[in-house]
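Undergrad: As annotated by TrEMBL, pyridoxal 5'-phosphate binding site applies to SER107, PHE134, PRO135, THR136, ASP137, THR176, ASP205, HIS208, TYR230, TRP260, THR286. For LYS231, the entry in TrEMBL reads N6-(pyridoxal phosphate)lysine.
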Amino acid sequence: MATAVHLPATLSREAALALDAADPLADFVGAFALPEGVIYLNGNSLGPSPQAALDRLEQSAREEWSRGLVTSWNKAGWFQLPYQIGDRIAGLIGAAPGEVVMTDGVSLNLYRMVAAALALRPDRRVIVMEGSNFPTDNYVVQGLIGTLGRGHEIRFAEKDEIAGAIDADVAAVVLTQVHYKSSHILDMAGITAQAQAAGALAVWDLCHSAGAIPIDLNGCNVDFAVGCTYKYLNGGPGSPGFQFAATRHQATMAQPLTGWWGHAAPFAFDRDYAAAPGIGRMLTGTQPILSMVAAEAGIDLAASAGIARARAKSLALGSLFQDLVQARLGDAGFALASPADADARGGHIAFDHPQGYPIMKALISRGVIGDFRAPTTMRFGFSPLYLRFADIWDAVDVLADVIETGLWRDPQFAAVDAVT
Ligand SMILES: *Cc1c(COP(=O)(O)O)cnc(C)c1O
């Protein structure tokens, strides 16, 4: 590795090791099964596997599925999992028991939630969204309003334009708390209050905030929310997401994907739909049980670490990375694409670099895994439970080496993969 000769003592590897020695979350590192030689800075995209998740998955497959067969719906409590895990997620996002259900993917959940919000505001036609948001949110709402065929329109507004976009025509604001690319945090309390003062409802996407930053849905009086468990909650590839509906809406809310799991009496096998009371009406059909059980371990780890401690460490890891990049690569063309103020960003930091794609691929070839978002953004995630401060130091050391040796210029790093 390249040696850093001109670094101030506070940015030395010894200083990073000292931070690790004092880290109250240090013991969580061993709870994750990460391969040797990998520094994983992509937990904002897919969290790594907790060892307990692998064990639980194996036990569930071998015992509950293989031996228990269909009896496991009752005996292993499979049927209750969406509610049980939902309640545990509720504790991480400032929601009450009975307000959260784990189910399906985020895109589907957003479809149901936005449909429910629009149905509660039948006289209004405008939905405010941040156009630069992760596109599936836009696509889902575009598809929904096409299906509704009632003349709804999306009013796209970027971060600083959102306040000005909310007026008496707005049925719902549908926003993501932490931006997938820049990592900026929107003011959930302020925007929700403003939307509600204008008579609209607030729907929040927590994909990049659940498990990463403190969230207080009820403290912010949020109406509906969705979120994902495979990013900072380390639930596994494609693990189900979740839906939150404030208690005050549950008796009147309706969603279009009415299926038997959302029926008031699923095993009565009635001909006609009757919505379950409470959050259950937001379910549709049979759930991916193995993916659900796999996700429990990561949710439990997040709860036992505590979001406040996790956030504090994530901020410290990110700031160390930022300072080291500045000190070692200040003139190498990396432009910070996230808020400079750490408190204004979520769990990852983005840098723009004109050669971001081959640099990231070269970095990954050396075991430091971040990701790339077109056209020029490199993202580095600072998930606090399995990263050490020394890992951050080593990651920047490898990045400096990739730049200084020109490794990234190797033609093998230029070919664009299907998933970036
Ligand atoms: C990751 C992410 C999603 C993912 O949606 P899926 O349906 O799980 O693929 C959606 N929205 C945002 C803002 C995200 O960051």
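Glycine too: its Cβ is placed from the backbone N, Cα and C atoms.
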Undergrad: Validating a neighbour-count step here. Other CB atoms within 10 A of the CB of TYR230 (pyridoxal 5'-phosphate binding site): how many?
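TA: Here the count is 24.
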Undergrad: Just the binding-site residues from PRO135, TYR230, THR286 whose C-beta lies under 6 Å from any atom of ligand 1, please, or none if there are none.
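TA: The ones that qualify number zero, so the answer is none.
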Undergrad: Per DSSP, the residue listed as 'N6-(pyridoxal phosphate)lysine' is which: helix, strand or coil?
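TA: It is coil.
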Undergrad: Write down the Cα-Cα distance for the residue listed as 'N6-(pyridoxal phosphate)lysine' and THR286 (pyridoxal 5'-phosphate binding site), rounded and given in Å.
TA: 23
Undergrad: Max Cα distance spanning SER107, PHE134, PRO135, THR136, ASP137, THR176, ASP205, HIS208, TYR230, TRP260, THR286 (pyridoxal 5'-phosphate binders), Å?
TA: 31
Undergrad: Please report the distance from the Cα of the residue listed as 'N6-(pyridoxal phosphate)lysine' to the Cα of ASP205 (pyridoxal 5'-phosphate binding site), rounded to the nearest angstrom.
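TA: One finds 13 Å between the Cα atoms of these residues.
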Undergrad: Quick check: in three-state DSSP terms, what is ASP205 (pyridoxal 5'-phosphate binding site)?
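TA: Its secondary structure by DSSP: strand.
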Undergrad: Looking only at Cβ atoms, how many others are within 10 Å of the one on the residue listed as 'N6-(pyridoxal phosphate)lysine'?
TA: 30
Undergrad: Going by DSSP, is ASP137 (pyridoxal 5'-phosphate binding site) sitting in a helix, a strand, or coil?
TA: helix
Undergrad: Would you mind pulling the DSSP three-state label for SER107 (pyridoxal 5'-phosphate binding site)?
TA: helix
Undergrad: Comparing the binding-site residues ASP137, ASP205, which residue's C-beta has the most other C-beta atoms within 10 angstroms in this structure?
TA: ASP205
